Amino acid sequence: MVTAVRRMLPVVGLVAVLLLIWEGSKVLFGISDQRLPHLGDIVTTMFTRTQGGNGPLLLVQMLINAWATLRVAMGGFFIGGLLGFGLALLFMRMPILERGLMPYVIGSQTVPILAIAPMVVVGLGRMGAEPWVAKIFVAAYLTFFPVTIGMLRGLRSASPQSLDLMRSYAASSLQTFWKLRLPASLPYLFASLKIAASASVIGAIVAELPSGSSEGIGVMILNAAQFYNSRPPALYLAILVAGLIGVVFYGLVALAERLIVKR
Amino acid sequence: MDTPIIEFERVSKIYQGGAGPVTALHDVTLRIAAGEFIALIGPSGCGKSTLMRLIGDLEQPSNGTVRIKAKTPDQARRDRDYGIVFQSPVLYDWRTIRKNVELPLEIMGRPKDQRRQRAMELLKLVGLGDFGDAYPHQLSGGMQQRASIARALSFAPSILLMDEPFGALDEITRERLQLELLSIWWEAEPRPTVIFVTHSIPEAVFLADRVVVMSPRPGRVQRVVEVNLARPRAFETREDPQFFALVTEVRECLRATETAG
Amino acid sequence: MQATTVSTPAVRSTDQVAKWFHILWPPVLTFLVAIALWEGAVWLFEIPIYLLPAPSQIMATFLERPWFLLGIGMVTFSNALMGSAIGCSLGVLVAIFCVRWTFVADGLLPLAVAASAVPIIALSPLMGIWLGSVSAASKIGVIAVMTFFPTLVSVYAGLISPRADALLLMRSYAAPQRDVFLKLRMPAALPFLFNALRVCATLSMIGAVVAEFFGGPRNALGVYIKTQAGILRTREAWSAIMVACLYGLIFYLVIVLIERWVMPWKQRHSGQ
């Protein structure tokens, strides 16, 4: 506990210094509120009402939209994660399949899904799919690749000696999987899940950018940017919340790792 | 004894561990003459590596004084009195073998052609004359360790500190390198003082003028065994009855430390 | 003892060709098969063109106006290049600071790791407001931030990677700090630096395209893709994406080439 506080101290210190620079540079260089609002203004903006004073608090609205984005990211993460996990198992069991399909798995990443996200959204929308389908597709696409690669590497990480040991016990391949390969692969799996968590949030946000989307933090960012002149702090708040979504999701995966992988 | 090059005067080393202080070395007094070959032997935890690291100024004593050529170890290090060989070769993998041997000379600011000539000389001496342009990963473990010996000798240090240098090698390579090390040391001009840490009793006896037997908890010098085998030593030395007698003596000595501890 | 097997230059060059052929043919074949499958699937299942055009259509669209597409690709690519140049150099500089003054590292590195979880692309509109939404500067700014953090984390890990033995060796030579840095830490960090650069090469080109989704000059890839996709001219959008991939690939390959040239000792490792 004490060590955790001691480790956080320099981080908190640095953040404090950065915030000081923020306010200090406003004073020193005379940066207008229009370009760089006061930190206090960003806080007070959270508690202003939306829709001309009749809607919910801005912070509440932001969080509702953040939840919409996080939901999409989690959905895609879940589907992509399962797919990646399944592919890795399949590839480990059947090396023939790996030799045949792995190049396509790797090749799939040469298509920059983020760049084609607008087309996926518009195209799938035209086919009559719900908007969330395309968003989840993008997030899942970004998730499955790191998970496949990480999990496969993890499943292969058991040392030859430990495999020989299992063999000497005449352990079945299922036993070898549960007692050796799976536990050995967990650190690798979680390393890739953490990468995937951030990627799926980015995917969800970018998939919200094409015109026509109605909810999500990406939409909030676009709106706040459009009406920046009337209320600058809102954009800062939206970006802050977007960052928060990434950190929260990453944190959840890291927490799951803590609970599952006991070292 | 001649004027000692290394002097330990009632030296102790205490580490502050998580479970209270640990005495790694207790009240060691030892004198080593210039040009001597000293082997340090003992079970793990007896402080033999600590002793070596105190000489090399890689650590500082808690009590007592260490003198190197009547100087502090720190001063001796600044005067470049030490060549070090670790258990792993610690060659920089982005440098060719020759450039690795040149490294200390570069740091000491020697001119380029002199560096190069000296490195080639030493590589020939350790039998790596043809491998100057190879990268470390292209050499076997034994060859890498030879290169690291050449690097340690490149600036002709007066003291050579060797921390289980052959510990990671197979027995056959090991015996060959022991012989090579002796001939390199014997022919080196000026002949360095060698402090050689080892786990192997025959290795200690075969190489050293004196074997310092150490005992653990707390680490201290148990006995110093004089090795009166003729030099230069050869392959046949290992078959000499006197060699066996000395090996047995050191072994008995080590067993006594066990029963005592 | 590979070093003893010295081969004549002639033998070596044919060896080299055979080796490259051996490395290259599976991916090339896979690529061709994938293109054929894609083409076949589009015709066979009559996939609507607004969803996924066939490779032949994309190529044909590209060939209608190759110079236009390569030109707007260059605009976006130069942003990616400038941004990563700035972000990566700053990353290296700050990493060096972190090694010299460890309290900076204690504060900054946890933040830099956290930054990898943050969708930095969301900064785009803000950069647009600070530096002008259609200006190149705002895109360069986003890419710089995007590449700064991974470079910092990776290069710092490289600079502190030398093991205790290697540092003690330097100590035994009474080497000055400058030598420890130039002869040990820097070369040890090079493989880490190039890992980061390769990641950044991929990241920055896609990042530059996506940053333009938030707004940018009309003659840039991202804006072109977004507007064409918006009016369901998918072939045009896909041909622009092809151009983005091309530039990204070139960027990546240039980094790999520099890497081979700068780190000759690694080259023979990967020669298998």
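The backbone N, Cα and C atoms fix where each Cβ goes, and this holds for glycine too.
Annotation comment: TrEMBL describes C:73-259 as domain 'ABC transmembrane type-1'.
Nonlocal intrachain contacts for the transmembrane segment (C:23-45), taken as residues 6+ away from its ends with a CB within less than 8 angstroms of a stretch CB, comprise 52-56. Here TrEMBL flags C:23-45 (among others) as transmembrane segment.
Here the transmembrane segment (C:66-97) has Cβ contacts under 8 Å with residues 104, 108, 136, 139-152, 155-156, 159, 189, 193, 196-197, 200-201, 204-205, 207-209, 211-212, 217, 219-222, 224, 239-240, 243-244, 246-247, 251 of the same chain, all six or more residues outside its ends. Per TrEMBL, transmembrane segment is recorded for C:66-97 (among others).
For the transmembrane segment (C:109-133), the list of distant contacts is 98, 139, 141-142, 145-146, 149-150, 152-153, 156, 207, 210-211, 213-216: same-chain residues at least six beyond its ends, Cβ to Cβ under 8 Å. Residues or ranges marked as transmembrane segment in TrEMBL: C:109-133 (among others).
Sequence annotations record features per position, and here TrEMBL assigns transmembrane segment to C:140-160 (among others).
Summarising the annotation, TrEMBL assigns transmembrane segment to C:192-216 (among others). Beyond the ends of the transmembrane segment (C:192-216), by six or more residues, the same chain brings 76-77, 79-81, 83-84, 87-88, 91-92, 121, 124-125, 127-128, 133-134, 138-139, 142-143, 146-147, 150-151, 153-155, 157-158, 161, 222-223, 225-226, 244, 247-248, 251-252, 254-256, 258-259, 262-263 to within a C-beta distance below 8 angstroms of the stretch.
Distant neighbours of the transmembrane segment (C:237-258): 53, 58-59, 61-62, 69-70, 72-74, 76-77, 80-81, 194, 197-198, 201-202, 204-206, 209, 221, 224-225, 228-229; these residues of the same chain sit at least 6 beyond its ends, with a Cβ under 8 Å from one of its Cβ atoms. The annotation transmembrane segment is assigned in TrEMBL to C:237-258 (among others).
Residues of the same chain lying 6 or more positions beyond the ends of the transmembrane segment (C:140-160) and with a Cβ under 8 Å from any Cβ of it are 79-80, 82-84, 86-88, 90-92, 94-96, 98-99, 105, 108-109, 112-113, 115-116, 120-121, 123-124, 127, 130-131, 185-186, 188-193, 195-197, 199-200, 203-204, 207-208, 211.
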